[in-house]
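Asker: Sharing the features that Swiss-Prot gives for it:
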- 80, 81, 145, 175: [4Fe-4S] cluster binding site (BINDING)
């Protein structure tokens, strides 16, 4: 049995160096890097993992990381914005891939999405549902009517913005806002939670 001309008889093969795989996902046309690659949180985690192979984190950082990846939202669909809110959870946009899943009970929810016109009669019910949510709780105001009364701003029966009833974390403008706009609002809320933490709140 002879050796082929390409075979080498030198000692044992040396291990190949580890090479990171090529970037995948949606690329930013300006930088050529994946979208979100400049997020401070992920850069710190990636650098620490590359350095040691493991990372040490404070409990608050761990809780904040877990909370941003498992936000449960409660629907408070009051008008036509609720149609776009429902579309956000359908297969085309699939909000659950961001860890954002709907819940039927306020006691299991972290986020309330107020979508539509808030009337004076509905305001006490909105506050009651908000009070039933466990801390820390967040509110997204969706659409012009929820943000400031919208088309019905001068009506005697309409609350001119749901921020008069509950504290708002994210405002999503539009009449009605698209599902993409609401999804972007959810991603902004996740960034806000990462930035401020959950125990401090």
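For all residues, glycine too, the Cβ spot is worked out from N, Cα and C.
Since this is a predicted model, take the numbers as computed values, not measurements.
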Asker: For residue 175 ([4Fe-4S] cluster binding site), which of the three DSSP-derived states applies: helix, strand, or coil?
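Answerer: DSSP assigns residue 175 ([4Fe-4S] cluster binding site) to coil.
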Asker: Determine which residues of the same chain, besides 80, 81, 145, 175, have their CB within 8 A of the center of the CB atoms at the recorded [4Fe-4S] cluster site, and list them by sequence.
Answerer: 79, 115, 116, 117, 142, 143, 144, 146, 150, 151, 174, 176, 177
Asker: 10 Å Cβ neighbour count around residue 145 ([4Fe-4S] cluster binding site)?
Answerer: 29
Asker: Applying a 10 Å Cβ distance cut-off over all chains shown, what neighbour count does residue 80 ([4Fe-4S] cluster binding site) have?
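Answerer: That number is 14.
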Asker: Taking 81, 175 as the binding-site residues to compare, which has the smallest set of other Cβ atoms within 10 Å?
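Answerer: If we count Cβ atoms within 10 Å for the binding-site residues 81, 175, the smallest count is at 175.
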